[in-house]
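Worksheet for the structure shown next.
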Amino acid sequence: MASQLRVLNALDVASTQLYHFKAIVIAGMGFFTDAYDLFSISLVTKLLGRLYYHVEGAPKPGTLPPNVSAAVNGVAFCGTLSGQLFFGWLGDKLGRKKVYGITLILMCLSSIASGLSFGKSAKGVIATLCFFRFWLGFGIGGDYPLSATIMSEYANKKTRGAFIAAVFAMQGFGILGGGIVALIVSAAFDHKYKAPTYEVNAAASTVPQADYIWRIVLMVGALPAALTYYWRMKMPETARYTALVAKNASQAATDMSKVLNMEIETEQDKIERLRKDESKNYGLFSKEFARKHGLHLVGTTTTWFLLDIAFYSQNLFQKDIFSAIGWIPPAKTMNAVHEVYKIARAQTLIALCSTVPGYWFTVFLIDILGRFFIQLLGFAMMTIFMFALAIPYDHWMKKDNRISFVVLYSFTFFFANFGPNATTFIVPAEIFPARLRSTCHGISAAAGKAGAIVGAFGFLYAAQNKDKTKTDAGYPPGIGVKNSLIMLGVINFAGMLFTLLVPESKGKSLEELTGENDDAEKGGAAYVEDLKP
């Protein structure tokens, strides 16, 4: 392939247009739903404990036993990991668009079903919830590689990073959306069904109607996805898939002529040459792939794995932090509905102050500073802040110093989002060949979810107090929070080192990055000349 296909170059040099923003909204709403669905469960787990695991005469409200809590919170992660691998592979086999609709339907149906239960017993309710949350996760998993790949293949090379980051940034709004829905629903129920606190009257503190709250919160997750289904189906297949994978130059030219509102020449002869060029048709498990992209794949998988260990372990410290600064009072001083309100308020404030701003810093700066710099800076700052929290940990736990602890903690997660949490999502969608792009993104994302499982559950056990009498109910002694934070600092430092394997992709065309046209510059320059009036 002597030079880049004109249809692909037209996309690379196109000015930012309405269709770019349309693609961001369509892919972004999928991500909004992903985050809403994955994170909303943490808003209602305390309520599930009160409803289904209440013990008569206990001094504190019922909570989910450790194994049930791990299942409810973790089953969606397992589904997501499986979905990333499966739909990532399928996106390269069948095309991005076809598979994109399947993942959305799966997410909508599973969201609705996870609010339904077979039977009234605790086992029946939890089993149903876990079953449907696995399939919800499976659908969400497909959205990761497909959203990133579609946005990457539609974008121009100048602002591609910002466009993919904008899709990912919708995750912040999804977390915020979950908090806001839980606030509205719990406030409405709190107003309608008055109940005493647990310590005044344990049985009456959880009104029977509270059972609707968690169901409504989880089922609302189907709405944003359903609203974008029509637009997803109207989107044409990406030109890069149609031309480079399906080898149909005329269809790619026709589709993009409509999108870009300009005539694009069909170059089937170049496609035929590409079809015959064996050096461009190597598979994922070939020596050629290992030689050209092996280290890149090691880089994208390890950095995402290490980041997510640190990122998802934050849930461990949140409850301590919220209680320490008085955002969430002791459970026995609240009724069930009010507790949901307080937890939702805390999550909404964290999302507003720390999570959402970090994502948008990435959107605005990624095409100026580059992916490599932002990822390296993010891991470095997370390392520094984790050690700053860990080494003088006993100092931070004194009552007067707790606000400073929260500020440092917030900065850690600001630099996760203005850093590797965004870049690990963006880079795998840019640096692999079109026919393996979705698969490689899925593999990288699945490594991330494996890290999330380690972070959320491994550290849940690790962070337990060394003293057996001070551990959370049902947990064995661990290494303590201080040592857990030191370990997380080391993990972030390792993320910094593995970042060195990941190439910079700022300002380059996808074909230039992947070697799918050896002479991109020459062909590209010629075509830019042709485009000038």
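Heads up, residue numbers simply count up from 1 along the chain you see.
Just so you know, glycine gets a Cβ as well, placed from its N, Cα and C.
Bear in mind that TrEMBL entries carry predicted annotations, made automatically and left uncurated.
Summarising the annotation, TrEMBL assigns domain 'Major facilitator superfamily (MFS) profile' to 23-507.
Marked as region 'Disordered' by TrEMBL: 511-533.
For 21-48 (among others), the entry in TrEMBL reads transmembrane segment. Away from its own ends, the transmembrane segment (21-48) comes close to residues 61, 63-64, 69, 72-73, 76, 80, 103-104, 107, 111, 125-126, 133, 136-137, 140, 143-144, 147, 150-151, 154-155, 163, 166-175, 177-179, 181-182, 210, 213-214, 217-218, 220-222, 224-225, 227-228, 231-232, 235, 315, 331, 336, 339-340, 343-344, 347 of its chain (Cβ-Cβ under 8 Å, at least six residues beyond either end).
According to TrEMBL, the transmembrane segment annotation covers 68-87 (among others).
According to TrEMBL, the feature transmembrane segment maps to 99-118 (among others). Remote same-chain partners of the transmembrane segment (99-118), defined as residues 6 or more beyond its termini with a Cβ less than 8 Å from a stretch Cβ, comprise 30, 33-34, 37, 83, 87, 90-91, 124-125, 127-129, 132-133, 135-136, 138-140, 142-143, 146, 150, 214-216, 218-219, 221-222, 225-226, 228-229, 232-233, 235.
Sequence annotations record features per position, and here TrEMBL assigns transmembrane segment to 162-189 (among others).
Marked as transmembrane segment by TrEMBL: 212-231 (among others).
As annotated by TrEMBL, transmembrane segment applies to 348-366 (among others). Same-chain residues lying 6 or more positions outside the transmembrane segment (348-366) and placing a CB less than 8 Å from one of its CB atoms are 161-162, 165-166, 168-169, 171-173, 175-176, 179-180, 183, 318, 327, 374, 410, 413-419, 421-423, 426, 506.
For the transmembrane segment (372-391), the residues of the chain that approach it from at least six positions outside its boundaries are 303, 307, 310, 362, 365-366, 405, 408-409, 411-412, 415-416, 418-424, 427, 482-483, 485-486, 488-489, 492-493, 495-496, 499, 502-504, judged by C-beta separation under 8 angstroms. The annotation transmembrane segment is assigned in TrEMBL to 372-391 (among others).
The transmembrane segment annotation in TrEMBL covers 403-422 (among others).
Within the same chain, residues 70, 73-74, 77-78, 80-82, 84-89, 91, 141, 144-145, 297, 300-302, 304-313, 315-317, 424-425, 428, 475-476, 478-481, 483-484, 487-488 sit at least 6 positions outside the transmembrane segment (442-463) and bring their C-beta atoms closer than 8 Å to a C-beta of that stretch. Residues or ranges marked as transmembrane segment by TrEMBL: 442-463 (among others).
Among the features that TrEMBL reports, transmembrane segment is placed at 484-502 (among others).
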*State the non-local partners of the transmembrane segment (403-422) in its own chain: residues 6+ outside its ends, Cβ under 8 Å from one of its Cβ atoms.*
165, 168-169, 172, 303-304, 307, 310-311, 314, 317, 321, 324-325, 350, 353-355, 357-359, 361-362, 365-366, 374-375, 377-379, 381-382, 385-386, 388-389, 396-397, 495, 499
_Let me spell it out: take the transmembrane segment (212-231), skip the flanking residues so only those 6+ beyond its ends count, and list any with a Cβ under 8 Å from a Cβ in it._
22, 25-26, 29-30, 32-33, 36-37, 40-41, 43-44, 47-48, 51, 101, 104-105, 107-109, 111-112, 114-116, 177-178, 181-182, 185-186, 189, 337, 340
